[in-house]
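Enquirer: Could you have a look at this structure, given as structure tokens, before my questions?
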Amino acid sequence: MSHVMNTYARLPVTFSHGQGSRITDTEGKEYLDALSGIAVSTLGHAHPKLVAAIAAQAGRMLHTSNLYRIREQELLADKLAEISGMQEIFFSNSGAEANEAAIKLARFYGHKKGIETPTIIVMEKAFHGRTMATLSATGNRKAQAGFEPLVSGFVRVPYDDLDAIKSVAEHNKNVVAVMLEMIQGEGGIHLASIEYQKGLRQFCDEQGWLLICDEVQCGMGRTGKWFGFEHAGVQPDIVTLAKGLGSGVPIGACLARGPAAGLFGPGNHGSTFGGNPLVATAALTTLETIEQDGLLANAERIGALIRQLFAESLAGERGVLDIRGHGLMIGLELDRPCGELVGQALAAGLLINVTADQVVRFLPPLIFSENEAKELVDRVTPLIKDFLAA
Ligand SMILES: *Cc1c(COP(=O)(O)O)cnc(C)c1O
């Protein structure tokens, strides 16, 4: 019996090492990684630039404290501000913690405006994390069950429905922010329409609300742009990041601008590890490598290729309801629950995932090549056809 707490339904495999988009288990079997540890391994496995940067930083200094200035953290903040249009950044160790910072910031903003019980509008099918506040913001009753009382101060509306938000505004005068994923990840790769995103930005401006974009999964170049919100050309007031930010090193970030910037002072928030020299170096190297190696364009091109190849290989399969996504954030929705495909793919040497019961999800590293894309489609297609025929 393992002494590890049973919080995941773990597959019976242990990996020992990887290279690029391939990963090898302890028996020596090789797998094509089309999941990246759930959108984490941006640069794939053992990327030489990242390995060298981490080793060099470990040789200099791993950790100091946020009681002091941290040069690597400041450089990373500069770079993130430059690519995002945001002004100031708080560093955390995970996505949930980045969202905790965002929620605290929105509440603080409300209190400064004299709203004593600030409310944040959140979405059905949203995923924001597993801490108490982020679990409360998450739109999945199963994840919340057994952990009540939940944190108050959230109102839930259907995704991609601006009228639902406007009707909340009519009777709730305590709203201070709207929090959402522009592309829902765990919820099943759902894309909010461009008109909705633009309309939401405008409505938040009219109401004096903050627009909070949880980019933990769809950010960091995954969709072919640095951030998911760029597809609609909207600028949020708060953005949260984690997953792909450190390409496997745990780091999260909460970015603020405009009305959300300049609110926190010393003592309002903190994190012992947040943005330490090691993780900040890993994230900065990840960002620089995405830029130098043209990985945004690669994500867009290879993602479009994967969707197109699946559309061809699965044409006429009535059990396939939709093939959707942006860049390398791809969902293939079937007409029935298909969790068993994950184990079948594993046996066939492929790492994929199923989310929201019936959406096959692909989140390959941003270095994924054209040949790897073709191989993925060639090898996954028969699994799906057999599954649907069974
Ligand atoms: C994974 C995820 C989180 C939670 O991140 P953790 O690092 O697991 O805490 C939050 N929001 C979104 C959109 C995610 O996909």
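The backbone N, Cα and C atoms fix where each Cβ goes, glycine too.
These came from TrEMBL, pasted as-is:
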- GLY95, ALA96, PHE127, ASP214, GLU215, VAL216, GLN217, THR272: pyridoxal 5'-phosphate binding site (BINDING)
- ARG130, SER271: N(2)-acetyl-L-ornithine binding site (BINDING)
- LYS243: N6-(pyridoxal phosphate)lysine (MOD_RES)
Enquirer: With Cβ-Cβ distance below 8 Å and at least 6 positions apart along the chain, what are the contacts of SER271 (N(2)-acetyl-L-ornithine binding site)? List them in sequence order.
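Expert: In sequence order, ASN66, PHE90, PHE91, SER92, ASN93, GLU97 meet the Cβ cut-off.
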Enquirer: Could you give the maximum C-alpha to C-alpha distance in Å for the residues GLY95, ALA96, PHE127, ASP214, GLU215, VAL216, GLN217, THR272 that bind pyridoxal 5'-phosphate per the record?
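Expert: With GLY95, ALA96, PHE127, ASP214, GLU215, VAL216, GLN217, THR272 as the binding residues for pyridoxal 5'-phosphate, the largest Cα distance is 25 Å.
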Enquirer: What three-state class does DSSP give GLY95 (pyridoxal 5'-phosphate binding site)?
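Expert: Note: GLY95 (pyridoxal 5'-phosphate binding site) is helical by DSSP.
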Enquirer: If you count CB neighbours within 10 Å, which one among the binding-site residues ALA96, VAL216 has the smallest count?
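Expert: The binding-site residues ALA96, VAL216 were compared, and ALA96 has the fewest Cβ atoms within 10 Å.
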Enquirer: Taking ligand 1 as the reference, state which of the binding-site residues ALA96, GLU215, SER271, THR272 have a Cβ closer than 6 Å to one of its atoms.
Expert: ALA96
Enquirer: Which has the fewest other Cβ atoms within 10 Å: ARG130, LYS243, the recorded positions listed?
Expert: ARG130
Enquirer: Do me a favour and check the Cα-Cα span between PHE127 (pyridoxal 5'-phosphate binding site) and the residue listed as 'N6-(pyridoxal phosphate)lysine'; whole Å is fine.
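Expert: Between the alpha carbons of PHE127 (pyridoxal 5'-phosphate binding site) and the residue listed as 'N6-(pyridoxal phosphate)lysine' there are 13 Å.
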Enquirer: Fill in the CA-CA distance, LYS243 (N6-(pyridoxal phosphate)lysine) to VAL216 (pyridoxal 5'-phosphate binding site), as an integer in Å.
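Expert: On Cα coordinates alone, these residues lie 6 Å apart.
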Enquirer: Calculate the distance in Å between the alpha carbons (Cα) of ARG130 (N(2)-acetyl-L-ornithine binding site) and THR272 (pyridoxal 5'-phosphate binding site), and round it to a whole number.
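Expert: Cα of ARG130 (N(2)-acetyl-L-ornithine binding site) to Cα of THR272 (pyridoxal 5'-phosphate binding site) measures 20 Å after rounding.
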Enquirer: Out of GLN217, THR272, which of these binding-site residues shows the lowest number of other CB atoms within 10 Å of its CB?
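Expert: Fewest other Cβ atoms within 10 Å, among the binding-site residues GLN217, THR272, is found for THR272.
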Enquirer: Using DSSP with the three-state reduction, classify PHE127 (pyridoxal 5'-phosphate binding site) as helix, strand or coil.
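Expert: SS state of PHE127 (pyridoxal 5'-phosphate binding site) = coil.
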